[in-house]
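For reference, TrEMBL has these:
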- 59-84: region 'Disordered' (REGION)
- 91-274: domain 'Tr-type G' (DOMAIN)
- 100-107, 167-171, 221-224: GTP binding site (BINDING)
Amino acid sequence: MAGGSALDMAAFVSALPAVGGRPLAAADGRRCVAGGGVHAASAAAAAGGVPRRARGVSMVAASKGPAGGPKSDAPSRKPVINDDYTSVPTERIRNLSIIAHIDHGKSTLADRLIQATDAVGSRDMKEQLLDNMDLERERGITIKLQAVRLNYVHPADGLLYAINLIDTPGHVDFSYEVSRSLMACEGALLVVDATQGVEAQTLANTYIAMENNLEIIPVINKIDMHSAEPDRVIREVEEVVGIDCSNAVLASAKAGIGIEEILSNIVEFIPPPQEKATESLRALIFDSAYDAYRGVIVYFRVMDGVIKKGSKVRFMATGRDFEVDEIGVLSPRMVPVSELSCGEVGYLVAGIKTVEDARVGDTITNVRLPATEALPGYEEAKPMVFSGVFPSDASQFNALKDALQKLKLNDAALSFEAENSSAMGFGFRCGFLGLLHLDVVQERLEREYDLDIITTAPSVVYRVKPTKGDAYLVDNPADLPDPNRREYIEEPYVRLEVITPEEFVGPIMELSQSRRGEFVDMRFLVQGRTTLVYDLPLAELVTDFFDCIKSRSKGYASMEYTLSGYRKNKLVKMDVCVNGELIEPLSCILHEDNAYDIGKDLTKKLKEIIPRAQFKIPIQAMIGARVVASSTISALRTDVLAKCYGGDISRKRKLLDKQKKGKKRLRAFGKVNMPQEAFMAIVAVDRSGPSTRN
Ligand SMILES: Nc1nc2c(ncn2[C@@H]2O[C@H](COP(=O)(O)OP(=O)(O)OP(=O)(O)O)[C@@H](O)[C@H]2O)c(=O)[nH]1
């Protein structure tokens, strides 16, 4: 809980009405590790040079595996059933996830495990095999969870074991994927980089695994590196994370060290799925993807009973029935089988056409013998940051709607609803888990659906108490009532924990304070590392905070945050007028004390971004009718007198008048070109000015 004035977030949110039917944002007590901001933006820029795909290529067809969507066989080709995959009894099945802090080597380790068990022929093997979205490969990050089935003969008993491995993303924006995959498992490999040690996400993900009662096997990775300190890291895992490291494996995913030991430990320490006495089928949907030919492909883990090809199944949340056309395992290619029983992880195809029919977290049961109770589903992912998404060309509105619907199927945390803005036309107000999530969605819409879109300035969700009536949530500054029609505004706060080497404690404290942070605690860890705890407004964190932490600590610090509640602050709405016109999508809510500095930097940035025109373009940052900062883009002056040699002054005046009129007309009717960067300028403004006080 953040300080005395913070409310309990969950209780508070449940007592409030939803914003326009949208799930209330930023309301759970979920642990997150931040990232995004400029880092994400620059990653996007780096990826921007990649050629676009042809129009109409679906996200599934565009990628090659189960997460971005499985590679579809041509519709005419009959699936070949291979029941070798289902001959393994339940006691020889192991379901596990790989969890770690970002870049500690999960995907590389998954590659080595796939190779060691010959799941993929050497011809098809490539680095980070499970990161099969183009975007994942380019950015070197995992965005979607990925499942793969490994067949492993354990040398100790010579028996065949089926290991279902789920690779999970490391970045906070995708941490809901981690919780989803962990619910389908009995164990987890906790990968810790031997050169770095325990990081914020190591802790956060281990806690999720512990909450799910998973057996955890620590893997100390990258021991091939000179700077590796495996002994120190083992001590740190034991002392800081609090888990036993007696079965820890010293490994190098890159050099292939310790891989056999990891496989052996998986078999020995991770328990098999528990056979249930019930005959009724219950399978948990942990992911789904859309395929242009086959409809929705559903990924599930069978918890009870058996699921068979040709049987009729029911999706319990929606009550819809479907006949199973195909079921199979992920090897990691889709291999059809005739049935999957308790403990197995696989996919099914059942001619499901709509997004709503296959919800992640739903339970699949048998129509003939339905289960009475559904499995506990997943907590709905709650968006933290909202932004308007508009097509550059109004005629693409329906295409954008269709694309968002398909993306949502594969990305449960994305939320959207139609929005009509006088400045931007028809579009959608979308909710994201953070700026990296926003960035990934924007890029997927552009690449996989060939859409040109503009995203507007991101905003967190504020709570507003109007003079009349109950408080309500506002995720779009345009919806804020006038100051004389509101009593107060509250903003969301987070409890922030930064783990850093001692020498960077000072710069990080300075940064946190400049972002309106309130110091809560400082704890010393082993080996000169420190945890700093602050309460901080979420709005200050979702911009470039993560990048600032990284740059001030030379990349050594990591951070994690939990939403803690709402607090009243002196908040105001700042509008931006460009060329005398209010540009609503540039409006933002900020602390009154920061308005001058932020306004000054924003107008300066916009001056650099907005292209010059034939006339002067004034840019003003305003609070109500008061201008707090301004700048002017000078006109590109055309010399209309160039052709007027000497002579008559009245002719010159006539030409100048005509030019002035032209400028006026342009100002009156013409539009200032606002490029996409202009809408994101607020994210990049310098927030560490001298007047940043609470
Ligand atoms: N030297 C060395 N490098 C490694 C090892 N394992 C992984 N790496 C490198 O570390 C970087 C990150 O590895 P990934 O496997 O992408 O890490 P990840 O944890 O999957 O990253 P996210 O999916 O983004 O969370 C890559 O450049 C790998 O080549 C290792 O054992 N030794």
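Glycine too: its Cβ is placed from the backbone N, Cα and C atoms.
Unlike curated entries, TrEMBL annotations are predicted automatically.
All protein chains included, K106 (GTP binding site) registers 28 other Cβ atoms within 10 Å of its own Cβ. With respect to Cβ neighbours within 10 Å, the binding-site residues D103, T168 differ, and D103 shows the lowest count. When Cβ neighbours within 10 Å are tallied across all protein chains shown, the highest count among the binding-site residues A100, I223 belongs to A100. A helical conformation is recorded for K106 (GTP binding site) in the three-state DSSP classification.
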